[in-house]
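Annotated features, as they stand in Swiss-Prot:
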{"type": "ACT_SITE", "residues": "Asp127", "note": "active site"}
{"type": "COMPBIAS", "residues": "251-264", "note": "compositional bias 'Low complexity'"}
{"type": "COMPBIAS", "residues": "275-286", "note": "compositional bias 'Polar residues'"}
{"type": "DOMAIN", "residues": "291-332", "note": "domain 'UBA'"}
{"type": "REGION", "residues": "246-298", "note": "region 'Disordered'"}
{"type": "SITE", "residues": "Leu303", "note": "site 'Involved in interaction with monoubiquitin'"}
{"type": "SITE", "residues": "Met306", "note": "site 'Involved in interaction with monoubiquitin'"}
{"type": "SITE", "residues": "Gly307", "note": "site 'Involved in interaction with monoubiquitin'"}
{"type": "SITE", "residues": "Ala316", "note": "site 'Involved in interaction with monoubiquitin'"}
{"type": "SITE", "residues": "Asp318", "note": "site 'Involved in interaction with Lys-48-linked diubiquitin (Ub2)'"}
{"type": "SITE", "residues": "Ala319", "note": "site 'Involved in interaction with Lys-48-linked diubiquitin (Ub2)'"}
{"type": "SITE", "residues": "Ala327", "note": "site 'Involved in interaction with Lys-48-linked diubiquitin (Ub2)'"}
{"type": "SITE", "residues": "Ala328", "note": "site 'Involved in interaction with Lys-48-linked diubiquitin (Ub2)'"}
{"type": "SITE", "residues": "Phe330", "note": "site 'Involved in interaction with monoubiquitin'"}
Amino acid sequence: MNNLTPENIRQTILATPFLLNRIRTEFPQLAAVLNDPNAFATTWQSINASQLLQIPSSTYSMGMPSFSEDDLFDVEVQRRIEEQIRQNAVTENMQSAIENHPEVFGQVYMLFVNVEINGHKVKAFVDSGAQATILSADCAEKCGLTRLLDTRFQGVAKGVGMAKILGCVHSAPLKIGDLYLPCRFTVIEGRDVDMLLGLDMLRRYQACIDLENNVLRIHGKEIPFLGESEIPKLLANVEPSANAHGLGIEPASKASASSPNPQSGTRLGTKESVAPNNEGSSNPPSLVNPPTDPGLNSKIAQLVSMGFDPLEAAQALDAANGDLDVAASFLL
C-alpha cells in the first residue's frame, strides 16, 4: 500500500469491514480520525504502515508445542504441522491481497433498474443467475396482478433459503425504459425484493448487461443501472456467499420432506422446475403427472420444436389437460 495516498487508504479502510474492525481494535487513535482526511493523513504518517498489514507469525504458532524427532513421525503431529503451514499460507495470501489489491475487499453493489408494471414503478433486481423472473406477493398485489395468478403452478423456490411459490402470472406488460415487453412472473412469498429480472426475460429479449457503461441494453435501448443511493436498503449490504449458487425450485411435497419450514427462505433466484397441481386437490403436487394421453409425447415434441424446454412442455400440457394450444399459451 506504499503507492497509495493517505486519502486512498482512508477510503479503502472505510469501505472494508475487515480493515475497519481491525483499525478500531488495534489502532484506536487512527480510527478516531477516519472521518477527518487531514487528521488521518497526519496520524497515518506517524504510524508505521507495515504494522497495519502485518499479522504476527506467533498468531498461528501459539499453542504449538515443540516436537521431538520421534514425534515428527506421528500422524496427528504431521496433520497439525500441515494445518499450520496451510494457515500461514492463507495469512500470507491475505496480506498480499490487502497490500497489492485492497479494492477486492470493497463492497459490490447489486444491479437494479427502474421498471413499471401496470403503471406501478418498481425497482427490479437484475440477476442472470436466476432462471425465472420473480415477483413478490406484495408487489403483485400492488400492481393488480393477483387476479391473474395461476395457483396451479405452486412449489418451493430453493437457494440459500427457501420460499413458497404461490403461482404464476403467465403474461403481464412490463415497461423497461421506453420498451413495453410481455413478461411471465413467478409469484413467491417474501419481501426482500419486489421484482427479480431473471435469465428467462434477459435471454428472451437478448438483453446485454454492460458493466463497462453501467447499463442494461435491450433492443438497442440503454437502461442505466441504479446508483448506490437508489438501491433498496435491504440488499445494499448483501455479501457474496458460496451458498448462493445452485438455485432451483422443487415441488412443495418434496421440499416439505426435507425442510420443516419451506417458507423460511429469502433468496429469490429460481430454477423453473415446478409442476402445476390441481386446485383444491388433497394430493401433493408432483413433478409430472403420469401420462394418460397416448399422444402426449408427440405434443411435447411439437412444443420442444417451438423452442420450449421438454420438462416445462410436459408440465404445461398437464396443466392444460392435454390441450396443445392452451399449453403453448402457458409457455409464451
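Placed from the backbone N, Cα and C atoms, the Cβ positions cover glycine too.
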Near Ala316 (site 'Involved in interaction with monoubiquitin'), which recorded sites out of Met306, Gly307, Ala327, Phe330 have their CA within 10 Å? Ala327, Phe330
Compare the C-alpha of Met306 (site 'Involved in interaction with monoubiquitin') with the C-alpha of each of the recorded positions Asp127, Ala319, Ala327, Ala328, Phe330, and give the closest one. Ala328
So if I measure Cβ to Cβ from Phe330 (site 'Involved in interaction with monoubiquitin') and keep only same-chain residues at least 6 apart in sequence, which ones fall under 8 Å? His170, Ala316, Ala319, Ala320
Taking all protein chains shown into account, the Cβ-based neighbour count within 10 Å for Ala316 (site 'Involved in interaction with monoubiquitin') is 27
These are the recorded sites: Leu303, Met306, Ala327. Which one scores highest on other Cβ atoms within 10 Å? Ala327
Taking Cα-Cα distance, which of the recorded positions Asp127, Leu303, Gly307, Ala327, Ala328 are within 10 Å of Asp318 (site 'Involved in interaction with Lys-48-linked diubiquitin (Ub2)')? Ala327
Cα within 10 Å of Leu303 (site 'Involved in interaction with monoubiquitin') - qualifying recorded positions among Asp127, Ala327, Ala328: Ala327, Ala328
For Gly307 (site 'Involved in interaction with monoubiquitin'), the number of neighbouring Cβ atoms whose distance to its own Cβ is within 10 Å equals 8
Rank the recorded sites Ala319, Ala328 by the number of other Cβ atoms within 10 Å of each Cβ and report the first-ranked residue. Ala319
Cβ neighbour count within 10 Å of Asp127 (active site): 22
